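J.: Pulled these features from Swiss-Prot for this protein:
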ACT_SITE  ARG22  active site
ACT_SITE  ASN40  active site
DOMAIN    7-94  domain 'Acylphosphatase-like'
Amino acid sequence: MTDETLRLTARITGVVQGVGFRYWTARKADELLLKGTVRNSADGSVELVAEGSAADVDSIVKWLHSSRAPGRVENVDFQVSDATGEFDDFRIID
């Protein structure tokens, strides 16, 4: 088992605005003890940045792809890199 902390940067497209997607994503991130942000983008997508253990980052990626995520997720483009440690908690950005 590794203690490596990773950073997930994701762009989620589909019907993901106006359906509580950011709220439920923040709730899931809190459940997984992830730190970062989620925000709506002008193009109708949602941007997610989350840092945490490799297992927790993997869990939120799987959740985003699942039918449990609110709205209708059509695509999740994401990158995983080393965490920066810049976040103290998880926040929804308006």
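Placement of Cβ uses the backbone N, Cα and C atoms for every residue, glycine included.
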J.: Of all the active-site residues given, ARG22, ASN40, which has the fewest Cβ neighbours within 10 Å once its own Cβ is left out?
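T.: Candidates: the active-site residues ARG22, ASN40. Fewest Cβ atoms within 10 Å: ASN40.
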J.: In whole Å, how far is ARG22 (active site) from ASN40 (active site) when you measure between their Cα atoms?
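T.: Spelling it out, the Cα of ASN40 (active site) and the Cα of ARG22 (active site) are 8 Å apart.
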J.: Let me know the model's mean pLDDT on the domain 'Acylphosphatase-like' (7-94).
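T.: 96, rounded to a whole number.
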J.: Would you list the DSSP helix, strand and coil counts for the residues of the domain 'Acylphosphatase-like' (7-94)?
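T.: So the counts come to 23 helix, 38 strand, 27 coil.
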